[in-house]
Amino acid sequence: MARALVLLSVVLVSLLVNQGRASDNQRLFNNVVVRVQHLHQLAAKMINDFDDNLLPEDRRLLSKTIPMSFCISDYIEAPTGKDEAQRSSMLKLLRISFRLIESWELASQILSRTVSNSLTANQINEKLADLKMGISVLIKGCLDGQPNMDDNDSLPLPFEDFYLTTEDNDLTKNFRLLACFKKDMHKVETYLRVANCRRSLDSNCTL
């Protein structure tokens, strides 16, 4: 009888520990989603403010050239839409999100120079760093002690100074930078929301 009680106690403690970990992971997931949503909103505001200050002829020029431009994230293999994202594993979505955020470590410093508001510039750098750290913890949680077999996570992106070496003029370069930042934050928000929704196992979870 005593042995049965001990075993029951061990099982209950284990369940409580696992529930605690699950709760912590869910809070972290919710936190990273909120952070990337804020970054996406910030990116949208920045590009709108930039556009509002353009001269009509500059706006017409950019409308013709920017759709043909590439972002450094185009070198990162990723789902092209929500449907494809929903078919990807949670770990894959987290890894791609990490890679996308990582691609802005250098570019965010360049991005900060295009923003006149120093508070906004600081917010970008801090939130990108926090987001990268949070996603890294979630990836480790998904691996659950298993080795990370995705060697591509540690490979440098091609053309790390991509946004510095383009032959665009300053106006086009700045607009491209803002447009790419908005596009990438939209991607990360989509991937993290899909991953979080899948993890919650909530049938009412909406994307």
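The count begins at 1 with the first shown residue.
Cβ coordinates are placed from backbone N, Cα and C, and glycine is handled just like the others.
For C71, the disulfide partner recorded in Swiss-Prot among C180, C197 is C180.
If you count neighbouring Cβ atoms within 10 Å for each of the disulfide-bonded residues C71, C180, C197, the highest count belongs to C180. Considering only the recorded positions H38, E189, C197, the residue whose Cα is spatially closest to the Cα of C71 (disulfide bond) is E189.
A gap of 14 Å separates the Cα atoms of E189 (Zn(2+) binding site) and C180 (disulfide bond).
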